[in-house]
Amino acid sequence: MTGLTGVDRRPLVDLLAMIFGVGAWVAINGMWVELPLLVLHLPEGWNLPSYLSVIIQVANIGPIAYSILRSLRPGLRPAKVVYGLLALGSLASLLLALLWHKTSWIHGVEHSTALLSFVFLLAFVDCTSSVLFLPYMAVWREIYLSSYLVGEGLSGLLPALMALIQGVGGNAKCENVTMFNETSGLNYTQLEPVTLNPRFSVTGFFFFLMAMMAASSAAFTLLEHLPSLRSERAGSPSPNNSVEALETSHSNTQLMTNYGGVNKMTGNMTPSVYWLMLAGQAWACSLTNGVLPSIQSFSCGAYGNVAFHLAVTLSALANPVAALMTLMLPRCKRWLLTLMGFVGSLLAAYILATAVLSPHPPLMGTTAGEALVVSVH
């Protein structure tokens, strides 16, 4: 099939590469959007995001372990390691769906040991996928890399959409509940918070994540073993190889003309500006991947379950949208990057303030406060 660029491509490879890419971060992205329900059921409560943030950062030993493995076994095929990772991810997501609510007592404190253990395994898989899945896609013609990246974006989009469908059952309301006093033998009433159930359970959501991991594993297996797809691998003879090479060269020339080229873009950047950009990226990553997720429950929880739910799901939806915008705007002015960094820091400061002031943050109990905290996140 000939695409819009005139280059022959196989839609089946596009589809399989996309499904394979979904498995990159779907499990951990799914954990974050399920937090509004998890904090209601697990003993860690609002502290759960902090536990998850630490566990996910510790799981970055995965890429280090893979680098050591590659140095010890230079001839190791990445595909074998991908099989192992996907199998581990599928098994961990299945056990998570079955055992997420199991707790144990450690030094007199109840902990969600099952959930935290399986989250570590899933984070190990997802963190390692960043240094393994993309290099594997080099096995295929470069036109299929975009399909994989679309799938990686869907790994955040699909869990967020599923969480929006699931809902949280609304905000908790206090109702009179009749209780029995065994000492006096009399009934009495007291106010207790009551929350409606979501459209489907946490277990059902985790089974959805498991299905996504299983689909990613199946897609990778088909990519590896379908004989009809071998002609689409890099270096395989194709009647259109010369045409594709010519059009790729023309496309690169066009990009160089329109955007000044990579060399020109970096050539105009002084070392001080270069390091400043790296520092800005480190700052943004530390906020979005470490600091802010760990305090989400404190910054949003006081505004109610609905606000918390919308904040985490809509922020997850914003990530693939932002990634799409970077494709549409491949070159960004430095002043605009600086402005976005400054505005982002101000928004992060407000989120930190709501977390510090919790359980009595600004505008608590008002529609304006709920709308503001959702918008800022």
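The backbone N, Cα and C atoms fix where each Cβ goes, and this holds for glycine too.
Automatic, uncurated: that is what TrEMBL annotation is.
What TrEMBL says about this protein:
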{"type": "TRANSMEM", "residues": "12-28", "note": "transmembrane segment"}
{"type": "TRANSMEM", "residues": "48-69", "note": "transmembrane segment"}
{"type": "TRANSMEM", "residues": "81-101", "note": "transmembrane segment"}
{"type": "TRANSMEM", "residues": "113-136", "note": "transmembrane segment"}
{"type": "TRANSMEM", "residues": "148-169", "note": "transmembrane segment"}
{"type": "TRANSMEM", "residues": "200-223", "note": "transmembrane segment"}
{"type": "TRANSMEM", "residues": "273-295", "note": "transmembrane segment"}
{"type": "TRANSMEM", "residues": "307-329", "note": "transmembrane segment"}
{"type": "TRANSMEM", "residues": "336-357", "note": "transmembrane segment"}
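When each of the listed stretches 12-28, 48-69, 113-136, 148-169, 336-357 is scored by C-beta pairs under 8 angstroms to the transmembrane segment (200-223), 12-28 comes out highest. Highest Cβ contact count with the transmembrane segment (12-28) among the listed stretches 48-69, 148-169, 273-295, 336-357 falls to 148-169 (criterion: pairs under 8 Å). The stretches the transmembrane segment (273-295) and the transmembrane segment (336-357) are in mutual contact, each linked to the other by at least three Cβ pairs under 8 Å (pairs 6 or more apart in sequence). Distant neighbours of the transmembrane segment (336-357): 277, 280, 283-284, 287, 291-292, 295, 298-300, 302, 373, 376-377; these residues of the same chain sit at least 6 beyond its ends, with a Cβ under 8 Å from one of its Cβ atoms.
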